[in-house]
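The structure under discussion appears below in the form of structure tokens.
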Amino acid sequence: MNRSATHVVTEFVLLGFPGSWKTQIFLFVLFLVVYVLTLLGNGAIICAVRCDSRLHTPMYFLLGNFAFLEIWYVSSTVPNILANVLSKTKAISFSGCFLQFYFFFSLGTTECLFLAVMAYDRYLAICRPLHYPAIMTRRRCGILVSSCWLIGFLGYPVPIFSISQLPFCGSNIIDHFLCDMDPLMALSCAPAPITEFIFYAQSSLVLFCTVAYILRSYVLLLRAVFQVPSAAGRLKAFSTCGSHLAVVSLFYGTVMVMYVSPTYGIPTLMQKILTLVYSVMTPLFNPLIYSLRNKDMKLALRNVLLGMRIVKNV
């Protein structure tokens, strides 16, 4: 009997970013700094929204929850990258691989839904300002945020569990820094076209529906902005929406390349870089984008930092 045919995979090897030991140390320091800055930046936004009463509005409530989501999203990948970089075996357990797979896609789906909800909020604030306070109540905001989390996390248990039940009896080497759909399906011994179709159909549906809604919201929003008579009013509206549009472009631009366009023509290194952009760099840049373009947020962050200094000195 062929032993390789009866071998059952109990762990996977994530190749990550191969290189010399000095390169690995450099990558470890780089990812650690990025991770700490991401936690600090998004944590500062959460503190500012909670502590400053002027930010107790629907827009900042959503932004604070979005920052909380970003902390979890980056934590689904970077801690494992740090462990992988310093590991000699670069192994991840079978269950650990699929847990990361689940959380990575669930949090990514939740982020898509959050961006759509934030576009809805901006559309109401600019296109229907008189009805905005009555529509975006605290209760409505809570329902929208809860729905994003529930839909994001309830959508993937069945397809990912189905993939985990496939036979993995050959190689266990994944040329990536995380457990993703394509590498796992490539290692499966048995084809599963139905499971693969359901997974990609579900992911594509989320991406296209949220992108279509965001684009529609901004088309209506821009039309309303150009009808504002004063230049100052138009500038304020553009400033309010510019931050969100920058985040949407950065996140969706790279995600669409990875999961909508065919990846077989994209080099493996480029796939890793694109995944890094939307899973690691986007959560890092979001606090900078939202704080640098928002006077209220900059003032609130300054007050939070000043308060921390006063407490520290006391």
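Cβ atoms here come from the backbone N, Cα and C positions, even for glycine.
Taken from TrEMBL, the feature transmembrane segment covers 25-48 (among others).
Residues or ranges marked as domain 'G-protein coupled receptors family 1 profile' by TrEMBL: 41-290.
Annotated transmembrane segment per TrEMBL: 60-81 (among others), in sequence order.
Residues or ranges marked as transmembrane segment in TrEMBL: 101-120 (among others).
As annotated by TrEMBL, transmembrane segment applies to 141-158 (among others). Sequence-distant contacts of the transmembrane segment (141-158) (same chain, at least 6 residues past either end, Cβ-Cβ under 8 Å): 58, 61-62, 65, 102, 105-107, 109-111, 113-114, 117, 120, 202, 206.
Using a Cβ-Cβ cut-off under 8 Å and counting only residues 6 or more beyond its ends in the same chain, the transmembrane segment (205-226) has close neighbours at 109, 112-113, 115-116, 119-120, 122-123, 126-127, 155, 234, 237-238, 241, 245, 248, 252, 255-256, 259-260. Taken from TrEMBL, the feature transmembrane segment applies to 205-226 (among others).
Per TrEMBL, the feature transmembrane segment maps to 238-261 (among others).
As annotated by TrEMBL, transmembrane segment applies to 273-292 (among others). Cβ atoms under 8 Å from those of the transmembrane segment (273-292) belong to residues 31, 34, 37-38, 41-42, 44-45, 63, 66-67, 70-71, 73-74, 76-78, 104, 108, 176-178, 180, 243, 246-247, 250-251, 254-255, 257-258, 266, 298, 301 of the same chain, restricted to positions at least 6 beyond its ends.
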